[in-house]
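A.B. asks: Structure below; questions to follow.
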Amino acid sequence: MYLSLLSSLVAYICVLLAVAFFTLLERKGLSYIQIRKGPNKVGIAGLPQPLADAAKLLTKEIAKPVMANYSPYFIAPVFSLILALLLWQLYPSLYSTSYFKWGILFFLCVSGLNVYGTLLAGWSSNSKYALLGSLRAIAQTISYEVSMALVLLFPLFLVSSFSFSEVGETQEFIWLSFLMLPVSFIWFVTCVAETNRAPFDFAEGESELVSGFNIEYGSAGFALIFLAEYANILVMSLFSSILFFGGSYMFFFESDIVFMLKILFFAFLFIWVRGSYPRFRYDLLMALTWKAFLPAALSFLLLVFSLIYFLY
């Protein structure tokens, strides 16, 4: 029990450090995409920049908006970060101390709760910008969760297990992305929308809502929301690599380094997409999931059902 608690604590600290340096990777990546240098003044080549940002945010005075509902206002960032860190319990390392047999079900439950952190943050701020941003985020997240759950059924049907470890192990010979390329594309776009990232970042659309649902947050509150958002990006990159690209397997070869490189590749894809595409229109975003992804996922599911029925 103590070993499991210790390993979870170490994992959470490592996740927070990974998130910190992922923000540096994003700033550097976006700067080179836009033909500029990015942060390079702090330390050697700007490497300690995330630590400087963290020190600045955590030592600033905590703002208390006069009209805010204080209890949910302070609970929301903590709640969002706890949910983001909970998903890292599902990391199927070769050296894990425990395994989730129902990991995919746990993932769906926790990702469904993510909406409440945004809702609490937007509503409790008592600001029109924050409320509009949170309402947008809720509608967007719930809509894309429908197609995400349907896409998750594909690997489940092929593997007949709810465990992320077993889903990865069955791809020792061939990745599921080769068998279902359109479905893996739908999954990735859904992940981008689910994490409220550009070009689907309507929860914090600067041109319309100043900063969206987190406009009234500064210092530690903003830092926690920021950490939760980037931890979710990394964890969705993790699940993408497990579900469709074999996890730690690379054509008969198993290694945690291969797994890490796959996660980094998907994490960089989030940055690449942000640097490449302008923000969508909101009605087009909702039409994409309800009029394109949902019918496509249902059609593919019907096809898989038919194949399983006729083969077995």
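Placement of Cβ uses the backbone N, Cα and C atoms for every residue, glycine included.
From TrEMBL, here are the annotated features:
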TRANSMEM  6-25  transmembrane segment
TRANSMEM  70-90  transmembrane segment
TRANSMEM  102-121  transmembrane segment
TRANSMEM  142-162  transmembrane segment
TRANSMEM  174-193  transmembrane segment
TRANSMEM  230-251  transmembrane segment
TRANSMEM  257-273  transmembrane segment
TRANSMEM  285-311  transmembrane segment
A.B. asks: Based on Cβ pairs under 8 Å, which of the stretches 6-25, 70-90, 102-121, 257-273, 285-311 lies most in contact with the transmembrane segment (174-193)?
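C.D. replies: Looking only at 6-25, 70-90, 102-121, 257-273, 285-311, the most contacts with the transmembrane segment (174-193) come from 285-311.
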A.B. asks: If we skip the immediate neighbours and take only residues 6+ beyond the ends of the transmembrane segment (257-273), which ones have a Cβ under 8 Å from one of its Cβ atoms?
C.D. replies: 22, 25-26, 29-30, 33, 93, 188, 192, 195, 197-199, 233-234, 236-238, 240-241, 245-250
A.B. asks: Within the same chain, where does the transmembrane segment (142-162) have neighbours whose Cβ lies under 8 angstroms from its own Cβ atoms, ignoring anything closer than 6 residues to its ends? I mean 6 or more beyond.
C.D. replies: 101-105, 108, 111-112, 115, 170, 176, 179-180, 183, 186-187, 190-191, 193-194, 243-244, 286, 289-290, 293-294, 297-298, 300-301, 304, 308
A.B. asks: Counting only residues 6 or more past its boundaries, what in the same chain has a CB within less than 8 Å of a CB in the transmembrane segment (285-311)?
C.D. replies: 139-140, 143-144, 146-147, 150-151, 153-154, 157, 180, 182-183, 186, 189-190, 193, 200, 202
A.B. asks: Same chain only, please: residues at least 6 beyond the ends of the transmembrane segment (230-251) with a C-beta under 8 Å from a C-beta of the stretch. Say none if there are none.
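C.D. replies: Distal contacts: 15-16, 18-19, 22-23, 81, 84-85, 87-88, 90-92, 94, 107, 114, 152, 155, 164, 167-169, 171-173, 175-177, 180, 183-184, 187-188, 191, 194-195, 197, 258-259, 262-267, 269-270.
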